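The next block holds one structure in the form of structure tokens; read it before the comments.
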Amino acid sequence: EKCLDQIQVNSLENLSLLVPSLCLLPPVRGNCSSQILHYFYNTTSRTCETFIYSGCNGNRNNFNSEEYCLKTCRRNKNRNNNN
């Protein structure tokens with residue numbers, strides 16, 4: 001059990017080296033009344049997924065398009081594969 005905890009911690013630490021810190025944030029809907037389909041980077045699935053954004057507040061893991069989300073949060077993927 002201790003080994004599993006250590007693996008999870010090491011995995012998160014390594015992920016933070018590969019992914020910009022804003023992409024590690026959980027999706028936050030915000031507290032306004034709009035319902036806008038936005039994207040956030042999911043560190044578990046390592047892809048961008050949709051969520052409903054209220055139009056205000058929230059955090060920086062919030063993108064208008066899947067393309068921009070992937071471009072921002074997976075930008076180091078090819079660079080790391082070449083090393």
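Just so you know, glycine gets a Cβ as well, placed from its N, Cα and C.
Marked as N-linked glycosylation site by Swiss-Prot: Asn14 (among others).
The Cβ of Cys23 (disulfide bond) has 23 neighbouring Cβ atoms from other residues within 10 Å, across all protein chains displayed. According to DSSP, Cys23 (disulfide bond) sits within a helical segment. According to Swiss-Prot, the feature disulfide bond maps to Cys23-Cys73 (among others), an assignment based on sequence analysis.
The feature domain 'BPTI/Kunitz inhibitor' is assigned by Swiss-Prot to 23-73.
Neighbours of Asn31 (N-linked glycosylation site), defined as other CB atoms within 10 A of its CB across all chains, total 10. Under DSSP, Asn31 (N-linked glycosylation site) is assigned to coil, being neither helix nor strand in the three-state scheme. Feature annotation from Swiss-Prot assigns N-linked glycosylation site to Asn31 (among others).
Mapped onto three states, the DSSP output places Cys56 (disulfide bond) in coil. A 10 Å cutoff on Cβ-Cβ distances gives Cys56 (disulfide bond) a total of 10 other Cβ atoms nearby, all chains included. Per Swiss-Prot, the feature disulfide bond maps to Cys32-Cys56 (among others).
In the structure as shown, the Cβ atom of Asn42 (N-linked glycosylation site) sits within 10 Å of 17 other Cβ atoms. In three-state terms derived from DSSP, Asn42 (N-linked glycosylation site) belongs to an extended strand segment. Positions annotated as N-linked glycosylation site by Swiss-Prot: Asn42 (among others).
Taken from Swiss-Prot, the feature disulfide bond applies to Cys48-Cys69 (among others), supported by sequence analysis. Cβ neighbour count for Cys69 (disulfide bond): 23 (other Cβ atoms within 10 Å of its Cβ, all protein chains included). Cys69 (disulfide bond) falls within a helical segment according to DSSP.
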Spatial separation of Cys32 (disulfide bond) from Cys48 (disulfide bond) - C-alpha basis, Å: 23
Distance [Cα-Cα, Å, rounded] between Asn31 (N-linked glycosylation site) and Cys69 (disulfide bond): 22
Number of other Cβ atoms within 10 Å of the Cβ of Cys32 (disulfide bond) across all protein chains: 13
Packing count at Cys73 (disulfide bond) (other Cβ atoms within 10 Å of its Cβ): 25
Rounded inter-Cα distance in Å - Cys56 (disulfide bond), Asn42 (N-linked glycosylation site): 20
